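Engineer: The domain 'tRNA(Ile)-lysidine/2-thiocytidine synthase N-terminal' annotation in TrEMBL covers 38-230. The annotation ATP binding site is assigned in TrEMBL to Ala41, Ile42, Ser43, Asp47, Val72, Gly151, Asp156.
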Amino acid sequence: MRYTGSNLCKIHFNQFVEKRVKKEIREQLKRTGRPIVISVAISGGKDSSVTLYLLNKIFGKDAKIKLFPFTVDEGISGYRDSGLARARELCNDLGLEHHVISFSDNYGKRLDEIVREDIRNTIPCSHCGPMRRNLMNKISRLNFSDYVALGINLDDYAQSILMNVVKGDIKRLARMAPHDFVRETLVPRILPLRKIPENEVMLYAVLNGIKFDSGWCPFYGRAQRNRFRQIIADLEEETPGTRHALVKFHDELKPILSDSVKHEELGKCFICGSPTSNKICAVCNDLSEMNYA
Ligand code: SF4
Ligand code: ZN
């Protein structure tokens, strides 16, 4: 580990990962003594699989915590099916029931179709991201979840911070998960892996025999995030510790920024009832534009 200057054996590596994840969970999860439901979004990939595995390892015997793993099926041919199979397999191994929520059931179309019919040729992730987040929130609310856990690793998290800084999007920086607020329509997101680098998540999965799907979404090449992925990787290579520094910067800035969104009204979308600060949410807006086109 270049950023700590240490070399660890398997046992100490596992302990090092688990210790940091437990600390994050302690800080992100408010325990009040009453039972808690945590929805866990799993794609079948390494990050979300390790998230579920660790949450189950930490809370599996805790009678006051119920895990609810689910997968959003966007409808991406040649990609999502293998992820779904892995997700199902992992839940089976851990003795947890797996749930699925799909674009086609909820929006009437698979992402493949949405992309094919989009005459504006918008980046697929611009449709997929808000739609996926919407369904994650929907299934978590239907299940009365107190939290929804996402498998965001340190590299992803540092990329998101930098992307929002570059866009000058203060509100989005302030709203980034982990969420410490309670809003009627939005289930707070927690990110147990946000301090674990991507290569350590991968190593943890391999060392512990966690099955995951290593396929890539066919639309990934068009994601704007790719550019930031490379920038963060280059910065980390030149100066080990850059990713951690970005997260520290954001953690210190967030309480100051949160004043800008604390009193913001988070209303309900007129059409679907999802949380939004506008009259109509981004997903309904997107769907109505597509139907119009
Ligand atoms: Fe969706 Fe883009 Fe992720 Fe593919 S890469 S699953 S299109 S957000
Ligand atoms: Zn809506």
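For all residues, glycine too, the Cβ spot is worked out from N, Cα and C.
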Engineer: What is the average pLDDT across the domain 'tRNA(Ile)-lysidine/2-thiocytidine synthase N-terminal' (38-230)?
Structural biologist: 94
Engineer: How far apart, in Å, are the two Cα atoms that lie farthest from each other among Ala41, Ile42, Ser43, Asp47, Val72, Gly151, Asp156, the residues recorded as binding ATP?
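Structural biologist: Comparing all Cα pairs, the maximum is 19 Å.
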Engineer: Just counting, how many other CB atoms are there within 10 A of the CB of Ser43 (ATP binding site)?
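Structural biologist: Result for Ser43 (ATP binding site): 24 neighbouring Cβ atoms inside 10 Å.
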Engineer: Using a 10 Å radius around its CB, how many other CB atoms surround Val72 (ATP binding site)?
Structural biologist: 24
Engineer: So, three-state DSSP: helix, strand or coil for Gly151 (ATP binding site)?
Structural biologist: coil
